[in-house]
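Copied over from Swiss-Prot, here are the features:
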COMPBIAS  1-11  compositional bias 'Polar residues'
REGION    1-106  region 'Disordered'
COMPBIAS  14-30  compositional bias 'Gly residues'
COMPBIAS  31-48  compositional bias 'Low complexity'
COMPBIAS  78-87  compositional bias 'Gly residues'
TRANSMEM  325-345  transmembrane segment
TRANSMEM  350-370  transmembrane segment
Amino acid sequence: MGSNGADNAHNNAFGGGKNPGIGNTSGAGSNGSASSNRGNSNGWSWSNKPHKNDGFHSDGSYHITFHGDNNSKPKPGGNSGNRGNNGDGASAKVGEITITPDNSKPGRYISSNPEYSLLAKLIDAESIKGTEVYTFHTRKGQYVKVTVPDSNIDKMRVDYVNWKGPKYNNKLVKRFVSQFLLFRKEEKEKNEKEALLKASELVSGMGDKLGEYLGVKYKNVAKEVANDIKNFHGRNIRSYNEAMASLNKVLANPKMKVNKSDKDAIVNAWKQVNAKDMANKIGNLGKAFKVADLAIKVEKIREKSIEGYNTGNWGPLLLEVESWIIGGVVAGVAISLFGAVLSFLPISGLAVTALGVIGIMTISYLSSFIDANRVSNINNIISSVIR
């Protein structure tokens, strides 16, 4: 390493080793060779056009392309950049950053490149009340924290933690994070669609099973609710007050007065739910359901469902689902997770009247967040479902 290159390799969060273009314009090479003066080390820059390998691959990874600029004109002298003695930016070069979700830890990504060391091997990403927060782990005890309010790259803030040495221009960080934001957006959309499809299948299957006891009207409405869930992509849930108002109309139906034996049986069914086991079942349905604290979310649904049946107060249950979205879970994933938990409730051995209550309440919870008209349809069939 040159004398200034060694310091840059240590102090530059997005440089080091053979990093081709995410670091300081000077790097770990020796002085004296020609280098392109393009604002990126050694002629590397982000691709302005989509590359054939850009985007998602079948293995779940995401590829971002950077390349050497053929039009860059080498200047004599100066720092040769992170690639040592190669200062000629005129030759065409293409590289890729590969980002792979870590399935063992929601929100963590493994970043790698087959040819060059990258800015960080691990990236943690989370959404907190509309703000994207990224932590780039560079070396033990050192990391770079990037905060992007409202996913607006122009509001980006970069903090260097336990960092010694000079800070560099954040332009290159911004360019990478803007690409990573695009990746995260596409990933969320894929996960939401996957979750909604899986949840709709579960609710439809539950409707078929309960329909054997509750009749064809219930089965048909349950399928309509399942279809509503499948097509919920990109939408927001109704507010707590709106959802509660719709649910109260169902609860006010005289047929929804639950007798003690049915209530005890339903509460006992919820008490049998093992949150960890159910979380494992749901998590195995696909990447979409691998959300943080899944077992805790299942346990909250279990506790607040029991509270609802025991006290008649269903507000805490609906507020729980709303809190997931406030905490950063995409609305479609929240609805899907809620539907999956409700669909996995063990119902064997329950009386038909208890099954009727569970069946009506399940589709009513879900529809109260999605469509007031669907809740009205549910209310209209209660007399034929619960006898």
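In case you wondered, yes, glycine gets a Cβ from its N, Cα and C as well.
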Spatial neighbours of the transmembrane segment (325-345) far in sequence, C-beta under 8 Å, 6+ residues away: 126-129, 188, 191-193, 195-196, 198-200, 202-203, 205-206, 229, 232-237, 269-270, 273, 278, 281-282, 285, 288-289, 291, 294, 297-298, 301-302, 358, 362, 365-366, 369-370
Other same-chain positions with a Cβ less than 8 Å from the transmembrane segment (350-370) and lying at least 6 residues past its termini are 203, 206-207, 210, 213-214, 218, 221-222, 225, 228-229, 232, 235, 237-238, 242-244, 246-247, 250, 256, 258-259, 261-262, 265-266, 269, 317-318, 321, 335, 338-339, 342-343, 378, 382, 385-387
